[in-house]
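Engineer: Mind looking over this structure? Questions follow.
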Amino acid sequence: MKDLLNLFKQPGAQLEDFDAIRIGLASPEMIRSWSYGEVKKPETINYRTFKPERDGLFCAKIFGPVKDYECLCGKYKRLKHRGVVCEKCGVEVTIAKVRRERMGHIDLASPVAHIWFLKSLPSRIGLLLDMTLRDIERILYFEAFVVIEPGMTPLERGQLLSDEAYLDAIEQHGDEFEAKMGAEAVLDLLKSLDMTGEARTLREEIEGTNSESKIKRLSKRLKLIEAFLESGNKPEWMIMDVLPVLPPDLRPLVPLDGGRFATSDLNDLYRRVINRNNRLKRLLELSAPDIIVRNEKRMLQESVDALLDNGRRGRAITGTNKRPLKSLADMIKGKQGRFRQNLLGKRVDYSGRSVIVVGPTLRLHQCGLPKRMALELFKPFIFSKLQLRGLATTIKAAKKMVERETGEVWDILSEVIREHPVMLNRAPTLHRLGIQAFEPVLIEGKAIQLHPLVCTAFNADFDGDQMAVHVPLSLEAQLEARALMMSTNNILSPASGEPIIVPSQDVVLGLYYMTRERLDAKGRGMVFTDVQEVHRAHQNGVLDLGARVQVRIREAVFDENGGMNERVHRVETVAGRALLYEIVPDGLPFELVDRDMTKKAISGLVNACYRRVGLKGTVVFADQLMYMGFSMSTGAGVSIGVNDMEVPAEKEKILADAEEEVKDIEEQYASGLVTNGERYNKVVDIWSHTNEAVAKAMMEKMGKDLVEVDGEQKEQKSFNSIFMMADSGARGSAAQIRQLAGMRGLMAKPDGSIIETPITANFREGLNVLQYFISTHGARKGLADTALKTANSGYLTRRLVDVSQDLVVTEEDCGTTEGLHMTPIIEGGDVVETLADRVLGRVVAEDVYKPGTDEVVAAAGTLLDEEWVEHLEQQGVDEIRVRSPITCQTRHGVCAQCYGRDLARGHGVNVGEAVGVIAAQSIGEPGTQLTMRTFHIGGAASRAASINNVQVRNSGSVRLHNVKVVKHHSGNYVAVSRSGEVTVMDDHGRERERYKIPYGAVLSVADGDAVESGQIVANWDPHTHPIITEVEGRVRFYDFVEGVTVAREVDEVTGLSSLVVTDPKSRGNGEHRRMVTDASGKQVEERVAYKDLRPMIKLVDEDGNDLNIAGTDIPAHYFLPAEAIISLEDGAEVRVGDALARIPQESSKTRDITGGLPRVADLFEARKPKEPAILAEVSGTVGFGKDTKGKQRLVITKADGETYEELIPKWRTVTVFEGEHVEKGEVIADGEPNPHDILRLLGVTALAAYVVKEIQDVYRLQGVKINDKHIEVICRQMLRKVGVKDPGESHFLRGEQVDRARVLEANDALEAADKTPATFEPLLLGITKASLATESFISAASFQETTRVLTEAATRGARDDLRGLKENVIVGRLIPAGTGFAYHEERRRAQADPIAAAESAIGLGGGEQPATSETGAGGSDPSEEG
């Protein structure tokens, strides 16, 4: 282990290769060994001569000469005296740069505690001595004595004594005991610790105790003591006798004009320490009174504290201008600290920035670079060329020529620039496509020209955005820029694998316009021999683009074997489409362009082109598309006029109808038929429906034109400009058009509740004052949110990158057979994501069989590409097990098989790809689009009308899942289960639709029935929740006390009365007396407090005996929650499936459970929800035990008769019934599931599925596509740590959090030695926690809480193996990813076997090299096939 600071002792000794960095505590000897002399005086420099003072903070004798090779007094100058020490001034003659690396030291007159180990919680000193922080501070700051050696006295070691107590003890015991105060006392205590003995006793204590909290406390201390023992640090080093002094050039003193000086704050802080130290020395020599010395020692301690970490204890020391001084700790932490400012965020030479303008004539790989800018950026290349040509003799002459900008200079510039890519970057760089390489084209002017198609990737527009240009200098850098970063090599988005180079806005509009059919177009019905003729006809004005014509086209398509087949045939199509097909490359069929080219269709076209024709063809095609789109949209002349916003004529009638309905509801409310909450819900519902209806009418009117064709009226798709913009996907959406020409609809208040009076006007008609005022709420909130959102999104990305930065593909295959189970995602009647989309680009984990047979369709280990997926779809496969990063067994990193396809390249992922960072960027980049709370479009409330039935969309057969039904006397079935679902299967037995069936829904079909499309299979009342009886009998009320547990409400209009259950909280304090039969059959009076009464309905037979639920011996008792409304009378007869009571549902905040970004952050931080769902801890049968005061007791009886109890608060909705069977991990009380519970009860894959689903839901709502595997990669990083359950014979402690890789390595070693390995369970850490808990302390320290991380790492003597990317960037090495991965592998191999490495370098290892190249080919084979 080399000592970093002593490396600089030998002149010119640079740090050679190193593979790890260790951090530890510095012993006083080590600090003295770094030092070149003691700093004795607080002076800095002499203000008259500007020479450093001798023995001061800038002393040249200690730190080295101020000028190169010149001593301070000027006796020795120049290089020939190098290494001489001047006898007059004592300065060594050497370069001045040593003042950046030579350290000094200060010998402290009294020891001082290091504040980090004292105050950084948990206090390390306190933990070692087993004392509280408060006590130790009292000792250190001279408020109390501590007993160090009790001798024969009754005092105890480590006991604190106040002044009086100390004097008393002295009186009593004289000098039999020893007590001290200050850091010396703590130093003595630490020195006298017997670490090994302590560790032994602690281990025994832990074995012998059962209390959790005690174990936690003891193991904390044990861990620290063992860390000290292992690392070779000594506890007494946490108290310092000698203080290192930073080299002077790192804390400079700079003269300003006017004779003043700017100084680094550190100089002030050091000066304070030196002053106090010198004063203390003098006082000790004079043997001053104790109290004065004590005070001075305390001040010394405080000044050292301030130097190390100002403001950590007490008030921060401030400078002249009331601003706290920047201490050593502040230098490294925070955004402005060393890590984030200088090590991770360096500024780059050879770069410039300018405004961007559009470059529609560029090709995809080009950018326009202003001449002046290029001249400046490529200067070194121009100089060398000028010298090479002999046009300039020296660099100076070359410089002159360039400044004069002579003709030859421009010629040489254009030569230098040829084929030399430059990199363009637009801040904020949210994902890797924010920096791309282009070939520069010299242009006049001062703005950079950017190709329009890369705007999406950069998220750039031309409203004044600026971009930076960087020049890759070395040949390797140019090569990488060209091969990896060129815009033409980044066609697909790394987030979703879809093309990102797709036309948008005017290009889309142009292509859409040219491919739209016009029924009344000029030249319809003409016939052409080829596309050239169509061109001529169009240019001569005989033919409109939208005319349907017949034309002969040449179509070239690939056959099965990959050969190209040409066929020429006649098609009937729109003229514009024939013209468009001309630029489509060979290999794509005509049907791809024979449709209206909306943005989606164009994206599909580019995608198909990339998959079938390859990269080069796609690049050329994309450019052609753009040129054509621009020219066509110019020709189309689409513009917006007020008349384009057509308000539908039916609007008035629709509104009038809605007003009527609302009036009805208001009347019902007035007559007491509905509660206020129900009224509000229904009104909001009506207006939501109305808004939909108006929008529908408007779109119908806008989307259709009537034209006269050959004397008759025909209907066609509209050519309304606004409609075309929205329909083509160029700009705008149906929701925006709705506000322009429909009605604005319901608005939301800032708190998210919906204002029940909607804005019936639209922007075309104009808003009145009230309407405008209502709509300002949402609009303002929207703007405020946007500002907060951007910052939050950036922070989320930072946390994600930090947790996943060290995840790299490190091997080809880890050999696991595990994986995730994939099925299509179906919500309601829609297949939201097909199986094909989910498994595309994944590797199959186990053989896939054709449903119902044992024929293997895809073998394990197949990488599924587009063709494979299509094949699987045709075979009717509806579930596949695929490999996933979550289940990957690779220790460090992931393997290529588990990751699957590299989404941005379309083939298997290469070893060395930094998949972690890609995942983090893919999730973080769309973060800015995610709203904080989802109010779209100027605050218009987006709340779907509540659903009250299930209407099937496809015909097929119905399957019911966990639906328990009872047959109603009307012949229908009523659902009496809570988590039931109904699915519709097609003829192949594949699931097409899936719906939730709520409790109390009336089903009109049974399991296995055939249904037609459009049929309603279930319906229910969305605003109330019924309680259904499962048996027939008489109603008997129990615990119904009018005025106490129930209140009778009489409707004034109808005169009908109903009972409403009151809330137990509002019942008052009385007691209720009731008669009960005791064990001997006697009637006894029982007193029950009002609060404990539980109103319920019992069902009894004719004789009044309790009835049981069919098939069980559980009595039919139905408990009634607060607010339940009962409209039956006591003794009424009920039939199976009747409703006994109904509970009104009041819900109408904007349907938006923490939407958007905060939801994503909550999931990744693995936060516990406020009211988590309660999950069943074991499988078994549910029963209810005796209730406690505020909780109900739920008992689960396992199959073997063991019982498990769970106390559930009474206000929680329990979703299971007595006698129901639950599986481990099933929900028993509603709520948001807690991810930690899912992991504990259901395992890693269930957790992954949950997180992926929840996060995808948020992104899907915003229409953002992200591949599942990115979320899985982050999940893998959150599951890095495991909790040790039983340490076995390992050195881990019970409950310790350890990296999974470390436990597995330790277990391998234990198993090899035939010892019992440790058992562990996976732990889920949030991304911030996981980043701070990483094995690499450098990475953690540069993320957050720098002080805490470094303190902890130093006491452990932590070693950083520089595995991740971040650590390597910080120490300035190549990162172990991409091209750096191979470099590091090579180095590792060379170290492991230096002789073989040397041989292979010379070329002696003849047998070896062909082998490696062969395996290389073998490794890349599958990707070529795919």
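Placed from the backbone N, Cα and C atoms, the Cβ positions cover glycine too.
Sequence annotations record features per position, and here Swiss-Prot assigns Zn(2+) 1 binding site to CYS71, CYS73, CYS86, CYS89. Among the features that Swiss-Prot reports, Mg(2+) binding site is placed at ASP461, ASP463, ASP465, with the record citing sequence analysis. For CYS814, CYS888, CYS895, CYS898, the entry in Swiss-Prot reads Zn(2+) 2 binding site, with the evidence type sequence analysis. Look at Swiss-Prot and you will find 1392-1426 tagged as region 'Disordered'.
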Engineer: Cβ within 8 Å of the Zn(2+) 1 site centroid (CYS71, CYS73, CYS86, CYS89 excluded): which residues?
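Structural biologist: Filtered neighbour residues, in order: ALA60, LEU72, GLY74, LYS75, TYR76, LYS88, GLY90, VAL91.
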Engineer: Determine, to the nearest whole angstrom, how far the Cα atom of ASP465 (Mg(2+) binding site) is from the Cα atom of CYS898 (Zn(2+) 2 binding site).
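Structural biologist: Between the alpha carbons of ASP465 (Mg(2+) binding site) and CYS898 (Zn(2+) 2 binding site) there are 40 Å.
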Engineer: Going by C-alpha positions, which of the binding-site residues (CYS71, CYS73, CYS86, ASP461, ASP463) is nearest CYS895 (Zn(2+) 2 binding site)?
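Structural biologist: Result for CYS895 (Zn(2+) 2 binding site): the nearest of the binding-site residues is ASP461.
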Engineer: Spatially, and counting Cα to Cα, which of the binding-site residues is closest to ASP461 (Mg(2+) binding site)? Options: CYS86, CYS814, CYS888, CYS898.
Structural biologist: CYS898
Engineer: In terms of DSSP three-state secondary structure, what is the assignment for ASP463 (Mg(2+) binding site)?
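Structural biologist: Where ASP463 (Mg(2+) binding site) sits, the three-state DSSP reduction gives coil.
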Engineer: Out of ASP463, CYS814, CYS888, CYS898, which of these binding-site residues is nearest CYS89 (Zn(2+) 1 binding site) by C-alpha distance?
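Structural biologist: Among ASP463, CYS814, CYS888, CYS898, ASP463.
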Engineer: Using a 10 Å cut-off on CB atoms, tell me which of the binding-site residues CYS73, CYS89, CYS895, CYS898 is the least crowded.
Structural biologist: CYS73
Engineer: To which of the binding-site residues ASP461, ASP463, ASP465 does the lowest count of other Cβ atoms within 10 Å belong?
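Structural biologist: Each of the binding-site residues ASP461, ASP463, ASP465 was scored by Cβ atoms within 10 Å; lowest is ASP463.
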Engineer: So if I measure Cβ to Cβ from CYS71 (Zn(2+) 1 binding site) and keep only same-chain residues at least 6 apart in sequence, which ones fall under 8 Å?
Structural biologist: ALA60, PRO65, LYS77, VAL84, CYS86, LYS88, CYS89, VAL91, GLU92, VAL93
Engineer: If you count the other Cβ atoms within 10 Å of each Cβ, which of the binding-site residues CYS86, CYS814, CYS888 comes out on top?
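Structural biologist: Of the binding-site residues CYS86, CYS814, CYS888, the highest Cβ count within 10 Å belongs to CYS888.
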Engineer: Can you figure out which of CYS73, CYS814, CYS898 (the binding-site residues) comes closest in space to ASP463 (Mg(2+) binding site), comparing Cα atoms?
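Structural biologist: If we rank CYS73, CYS814, CYS898 by Cα distance to ASP463 (Mg(2+) binding site), first place goes to CYS898.
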Engineer: Using DSSP, would you call CYS895 (Zn(2+) 2 binding site) helix, strand or coil?
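Structural biologist: The residue in question, CYS895 (Zn(2+) 2 binding site), is strand (DSSP, three-state).
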Engineer: Give me the CA-CA distance between CYS814 (Zn(2+) 2 binding site) and CYS73 (Zn(2+) 1 binding site), in Å, as a whole number.
Structural biologist: 68
Engineer: For the recorded Zn(2+) 2 site formed by CYS814, CYS888, CYS895, CYS898, name the remaining residues of the chain with Cβ within 8 Å of the site's Cβ center, in chain order.
Structural biologist: GLU811, ASP813, THR816, ARG883, PRO885, THR887, GLN889, THR890, VAL894, ALA896, GLN897, TYR899
Engineer: How big is the Cα-to-Cα gap, in Å, between CYS73 (Zn(2+) 1 binding site) and CYS898 (Zn(2+) 2 binding site)?
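Structural biologist: So the alpha carbons of CYS73 (Zn(2+) 1 binding site) and CYS898 (Zn(2+) 2 binding site) sit roughly 69 Å from each other.
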Engineer: Setting ASP461, ASP463, ASP465 aside, what same-chain residues sit with their Cβ within 8 Å of the center of the Cβ atoms that define the Mg(2+) site, listed in sequence order?
Structural biologist: ILE356, ALA460, PHE462, GLY464
Engineer: Using DSSP reduced to three states, classify CYS814 (Zn(2+) 2 binding site) as helix, strand or coil.
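Structural biologist: Where CYS814 (Zn(2+) 2 binding site) sits, the three-state DSSP reduction gives coil.
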